[in-house]
Amino acid sequence: MRWCPSSALHLLRCVRLRSCPRRGRNTLPLWIREIWAYMRLLVQSFYFNSLTDSDVVFDSVFEPVFWTVDYVTRWFGTLFVWLVVILVSSILVICYVILLPMVLKTYSPEGIAWHLCYGHWNLVMIVFHYYKATTTSPGYPPTEKNDSPFVSVCKRCIMPKPARTHHCGICNRCILRMDHHCPWLNNCVGHLNHRYFFSFCVALTLGCVYCSISGRDLFLDAYNAIESFKHLDVVKPGVPVTGMGVLIGLLPPGQTNYQTPAPPYTFKDKMIHKSIIYMWVLTSTVAVALGALTIWHAVLITRGETSIERHINSKERKRLAKRGRVYRNPFDYGRLNNWKYFLGVEKKSHWLTRVLLPSGHTPPGDGLTWDAFPVKKDLIPV
């Protein structure tokens, strides 16, 4: 039997490897090597596929922070709702107790009719849409087996997810055509209550602008009155008495100034002035902040997208722009059609009965299926 040189070399190599341990392999304890291997695996898990980017890594690192925010928002939602009710009620008390008597005494009959009609219409719109936005379900995908089309599977619910559906970490459910979770409603804004939310924002903004403009002069008068009486409290008014006045006994002995009586300023007057200032500051602040939010949502509705889809579509535009392509929102039906679909306007009279007056009609469609890239003619011929 012939001796093969290659076999001899292989045998010698195996003997050398077994007899001489590799340098630096077993210098660290086993538990340190296990921790190091686990940390390497944890870091490498961030790059499990080609779709992983900085956003995925950021979400993974800050997941405990997001969970804490969701938990706090879920428990404080009821408190925010009560805060809205208390603030709106305080403005109503000031309007009915303080401002309405002033209007009835000083305004003309035409002005009284305008303020009564507009103010009560605005109040009805605010109360109705806020109640509907908080109590109406935003819409959930079916949990049982069905034949509805879906685009993905929710990683948290482990359920089929239709188009434009997203998972809400606060509600812990998937929401149809989700826009965002509103803590002031303690509810998600989705397919079934998005119109109520937007109408409430519009009505409350108009009401705050109305109070801010109509109450500007009252605010200035109240502010000047408080400042003037503060000045009178610091500097006591008086007329110096000298010469013959002292001799004829106009003043008691030892007194050199005649104190003129201050104008009457009761506690009731002070509370009225402070209430007017409180109303004007609150309504002006809310008008600016909520007005900006309302305008932003109006722009999104015009484009046929939600707040979440705004970020998704922006990323898609950048991604396709690098490839020399143009991204088009598949759910953009045109500016006018987007508003018709959102408001549920099906005929001309609906602009009055469904937009300018309180209406509890449901939005078109079921929120599960959507028409992509429709023809350019009107979806709802109005």
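Cβ from N, Cα, C; glycine included.
As written in TrEMBL, here are the features:
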{"type": "DOMAIN", "residues": "152-311", "note": "domain 'Palmitoyltransferase DHHC'"}
{"type": "TRANSMEM", "residues": "79-100", "note": "transmembrane segment"}
{"type": "TRANSMEM", "residues": "112-131", "note": "transmembrane segment"}
{"type": "TRANSMEM", "residues": "277-299", "note": "transmembrane segment"}
Beyond the flanks of the transmembrane segment (112-131) by 6 or more, those residues with Cβ under 8 Å of it: 84, 88, 92, 95, 103-104, 185, 196-197, 199-200, 203-204, 206-207, 210, 214, 358
Integer mean pLDDT for the domain 'Palmitoyltransferase DHHC' (152-311): 84
